[in-house]
Amino acid sequence: MNEGSTKRRVLIVDDNPQDREMVRLALRSDRTRRYELVEAENGEKGLQTFRQADKPFDLIILDWRLPDMNGVQFVEHLQGSHRIPPVPVVLLTSSEIPQESSDPLQHGIQEFFLKSMVTSELLSHVANNAMERHRLLVRTIASEIEAEEARNRADAANRAKSHFLATMSHELRNPLTAILGMTELLQEDPKPEDRQQMLEMIAENGRHLHELLNDILDLAKIEAGRITIELEEANVGDIAASLCNLLRYRAADEGLSLRLEIKTPVPHMNTDPIRIRQILLNLIGNAIKFNNQGEILVTIDLEKSDETKQVVIDVIDTGIGIPPDRLTTIFEPFVQVAEDIRRRQPGVGLGLPISREIAILLGGELTVESEFGVGSRFRLILPVNETEGISPQPIKPADLPVEQADWRSFRILVAEDTPANQFLIRRMLERTHAKLFFVPNGEDAVNEVRTAHELGLDYQLILMDMQMPVMDGYTAVQKIRETDQQTPIVAITASAMAGDRQRCEEAGCNEYVSKPFDRSELISKIGARLFPSPHPRND
């Protein structure tokens with residue numbers, strides 16, 4: 001469609017019928033453009049016509065002096081809170097605009113000139129220029145708004161980063177203070193009863209640090225879209241029962257009762273039991289943390305429809321509740337119910353956002369209902385994918401008491417550069433009576449494996465730290481696998497991001513242990529490789 005075939009809708013606002021007629025004739029004499037003209041005899045009528053129009057206007061031609069307002073006042077009403085009018089405005093006047101009046105161009109009017117100068121050619125030219133300038137101005141303002149929004153987002157990100165760092169500093173320094181302080185006191189040879197209490201405090205604060213790091217890693221994985229779900233047969237009722245038994249003592253210490261009610265038997269389903277346990281641990285743990293008295297009730301029900309089944313788990317408490325203005329943000333990272341609660345209760349506010357994202361990944365949802373000062377109900381809904389006909393998996397050798405087996409004939413090479421971790425591994429494995437040999441880097445590990453083989457003293461297992469000086473564990477494992485495909489290699493790494501396990505396996509490792517690890521986990525992973533079939537007891 002060419003330019004001339006497109007009609008322009010123009011609103012003419014002027015109290016003088018002759019002047020309106022003059023403008024109308026000038027526009028209709030334009031041979032390059034067709035116009036649809038609408039007229040109004042005063043400012044109020046013009047504003048009403050513009051606002052109630054069923055089709056938008058392309059241009060307003062406005063008289064400076066109207067019976068009820070002047071041109072600038074009209075434009076101010078027209079644009080409201082916006083920076084410019086929604087359409088271009090051309091101002092006509094019978095005489096010069098008084099000097100005491102504000103400059104019309106400063107109010108978003110695109111052009112103004114004397115009525116005595118109006119001709120078809122001039123008015124068409126002015127209209128074209130006004131519309132083009134208005135388009136450019138709209139584009140400029142949009143760019144400025146976009147830039148301002150980008151700055152605001154950057155400022156918000158910086159504030160969130162600063163808040164994150166401040167929160168992390170607080171949450172890391174508290175347990176570190178306890179660990180380092182208790183360690184210093186232990187070096188002063190305290191009383192036996194104090195020593196045991198200090199050791200328990202060190203362990204408790206160490207576990208808190210571990211949980212905090214896991215939460216941070218989970219959040220990072222979620223934001224990167226790399227968190228993984230590992231499906232297997234599980235029963236949600238069994239998971240909840242086990243967890244309630246574990247947390248019932250913690251609730252009792254706070255003067256609370258913790259009760260589980262399974263309303264409908266729940267079938268075995270194909271899901272991720274570790275992630276479900278993580279969600280429930282967070283929900284019940286929060287209920288204990290933010291509840292001063294009363295009861296925590298966990299209910300499980302099976303809802304059925306013609307096509308679907310879903311498990312509904314409610315965690316109901318009689319605690320402090322959540323203010324209405326916080327219900328929309330409670331699932332955002334680093335948010336707690338209120339700042340005074342943050343000061344009284346430890347935590348960084350990562351549990352709920354992580355739990356909600358995990359619920360979504362499992363095909364379900366996590367919601368909340370709450371009344372401030374009365375209590376809260378968190379509801380976890382999970383789809384049921386039944387596993388009828390699937391036999392439970394047999395217990396793996398690693399689940400058996402491998403420590404009671406005979407390890408004395410095993411030679412284990414440990415490649416670890418940190419003296420503290422060398423000491424820790426030595427003490428953790430000393431009860432097995434296996435023969436341990438230590439090297440501080442990957443290059444020494446490669447040389448030691450080759451030398452031992454030449455002497456007929458092959459190692460039965462290699463523990464390989466993956467981040468070491470001189471030669472890292474990945475390179476060392478690849479070089480060992482060039483000549484030795486049989487010896488089990490267990491990777492030990494402080495990395496715990498998505499893909500780390502796969503990278504270790506691709507290098508040639510058989511097993512993977514993430515720091516920090518405990519004694520039972522380390523022995524279980526090693527034992528599964530040393531005893532691939534049920535092993536005899538060492539009576």
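Even glycines carry a Cβ here, placed using N, Cα and C.
Database features, via TrEMBL:
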DOMAIN    9-130  domain 'Response regulatory'
MOD_RES   Asp63  4-aspartylphosphate
DOMAIN    167-386  domain 'Histidine kinase'
DOMAIN    411-530  domain 'Response regulatory'
MOD_RES   Asp465  4-aspartylphosphate
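Helix, strand and coil counts from DSSP across the domain 'Response regulatory' (9-130) read 49 helix, 28 strand, 45 coil. Taking only the Cα positions, the spacing between Asp63 (4-aspartylphosphate) and Asp465 (4-aspartylphosphate) is 83 angstrom. Cβ neighbour count for Asp63 (4-aspartylphosphate) (all protein chains, 10 Å cutoff from its Cβ): 26.
Using a 10 Å radius centred on the Cβ of Asp465 (4-aspartylphosphate) and all shown protein chains, the other Cβ atoms total 25. Residue counts for the domain 'Response regulatory' (411-530) under DSSP (helix as H, G, I; strand as E, B; rest coil) come to 56 helix, 24 strand, 40 coil.
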